[in-house]
Amino acid sequence: MKGTVGELGEFGLIRELTSRLTTTPNVRLGPGDDAAVVAAPDRRVVATTDVLLEGRHFRRDWSTAYDVGRKAAAQNLADIAAMGAVPTAVLLALVVPAELPATWPIELMDGIRDECQVAGAAVVGGDVVRGDTITVAITALGDLRNREPVTRSGARPGDVIAVTGWLGWSAAGLAVLSRGFRSPRAFVEAHRRPEPPYHAGPAAAELGATAMTDVSDGLVADLGHIATASGVLINLKSADIDVPAQMSDIGQAVGVDPLHWVLTGGEDHAIVAAFPPDVKLPARWRVIGEVLKAPGTPHVTVDGAAWDKAGGWDHFGDTTAQGAGD
Ligand SMILES: Nc1ncnc2c1ncn2[C@@H]1O[C@H](COP(=O)(O)OP(=O)(O)O)[C@@H](O)[C@H]1O
Ligand SMILES: Cc1ncc(C[n+]2csc(CCOP(=O)(O)OP(=O)(O)O)c2C)c(N)n1
Ligand SMILES: [Mg+2]
Ligand SMILES: [Mg+2]
Ligand SMILES: [Mg+2]
């Protein structure tokens, strides 16, 4: 594909984007009409949206368009999984400058399509608009398959906190990229393309999870939302939280405590949940903490001590204190 988005034109671009899509049996009517029609076997629809902005969520010199597509889809599909639901469909609202090479949104679409396929969903529609800053806004829909949603508010004193997926890998990758390096590749790749454990969301619901979330901002920050919504204290035990040797090495090289990446790094989209104490968890879950009665304000402690630093990413906070870049 040669030329720019402007040369392709609005409907030329839409044709290129939609021609690359795949479908699933849940898609009763895909892109091309005023709206799509998606089956909702459960009769309830789980819905979420997240926006990615160039410069804030991704950089074109750090990530390919395909990577950005994978990540944008993953970020939304992980929210569906974190409710205990199975993703069914996504919609893509895209803002791009006319001067952008047409290959960029086309490869972005390929990435979104492929990540949707990993999670069992399909792209069913979207919008394209000309604008100065590349903006990728995705809406994802999901199906509960007759299970109750696992919210942030159901954690009870006595529950255990368990996690599955990666923690701190994306933050370590971001730290490396921010310093102008391109390796170690494992961390850089984790930053470019998170791998949320989608299947673990519905599986956790089946196992009786009382509260659940994905880790988009940071473990401490996101568990803080569960603590607040549930009115409990959550205590993390650092001895039970694995810091890979490779992460310790890179932490030493760039002067960052790697446990800080694991506790406050976002964008890996691990799934963390509270379970009743007698639960039998499959090996992929690691128990990393406990739910206690909140003595005062509900919050998160690490080894019994209040976490007084930033617990993760906050769009309006001090980004240098958020464990991601530094
Ligand atoms: N602009 C908004 N309008 C309505 N609801 C919002 C808005 N922004 C965030 N929310 C809601 O606030 C909650 C927390 O948002 P967020 O931290 O972005 O969640 P997540 O990290 O799971 O994407 C979500 O339920 C989200 O739908
Ligand atoms: C260029 C660049 N700078 C900084 C970051 C780090 N970063 C940006 S947003 C974010 C948190 C997750 O994104 P958010 O929009 O808060 O998603 P949500 O929590 O709503 O799922 C992080 C760690 C990045 N990915 N890219
Ligand atoms: Mg969000
Ligand atoms: Mg979330
Ligand atoms: Mg966030």
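Sequential numbering from 1, following the chain as shown.
Even glycines carry a Cβ here, placed using N, Cα and C.
TrEMBL: automatically predicted annotations, no manual curation.
Residues in the domain 'PurM-like N-terminal' (32-142) partition by DSSP class (helix H, G, I; strand E, B; coil) as 34 helix, 42 strand, 35 coil. Taken from TrEMBL, the feature domain 'PurM-like N-terminal' covers 32-142.
Just so you know, the Cβ of ASP79 (Mg(2+) 4 binding site) picks up 24 other Cβ atoms within 10 Å once every protein chain is counted. Taken from TrEMBL, the feature Mg(2+) 4 binding site covers ASP34, THR48, ASP79.
What TrEMBL lists as Mg(2+) 1 binding site is THR49, ASP50, ASP127. The Cβ of THR49 (Mg(2+) 1 binding site) has 13 neighbouring Cβ atoms from other residues within 10 Å, across all protein chains displayed.
Among the features that TrEMBL reports, Mg(2+) 2 binding site is placed at ASP50, ASP79.
The ATP binding site annotation in TrEMBL covers GLY126, ASP127, ARG152, SER216. SER216 (ATP binding site) falls within neither a helix nor a strand when secondary structure is assigned with DSSP, and so counts as coil. Within its own chain, SER216 (ATP binding site) has GLN75, ALA78, ASP79, ASP222, GLY266, GLU267, HIS269, TRP313 as residues 6 or more apart in sequence whose C-beta sits under 8 angstroms from its own.
According to TrEMBL, the domain 'PurM-like C-terminal' annotation covers 156-245. In the predicted structure, the domain 'PurM-like C-terminal' (156-245) carries a mean pLDDT of 98.
Residues or ranges marked as Mg(2+) 5 binding site in TrEMBL: ASP217. Non-local contacts of ASP217 (Mg(2+) 5 binding site) by the CB criterion (under 8 A, 6+ apart in sequence, same chain) comprise GLY266, GLY311, GLY312, TRP313, ASP314.
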Candidates ASP34, THR48, ARG152 (binding-site residues); nearest Cα to ASP127 (Mg(2+) 1 binding site) turns out to be ASP34
Result for ligand 5 contact check over binding-site residues ASP127, ARG152, ASP217 with Cβ cutoff under 6 A is ASP217
A correct count of other C-beta atoms within 10 Å of the C-beta of GLY126 (ATP binding site) gives 21
Candidates ASP50, ASP79, GLY126, ASP127, ARG152, SER216 (binding-site residues) with CB under 6 Å from ligand 1, in sequence order, are ASP50, ASP79, SER216
Cβ proximity for ASP50 (Mg(2+) 1 binding site), under 8 A, sequence spacing 6+, ordered by residue number, returns ALA72, GLN75, ASN76, ASP79, ALA137, ILE138
THR49 (Mg(2+) 1 binding site) sits from GLY126 (ATP binding site) (Cα to Cα, rounded, in Å) at a distance of 13
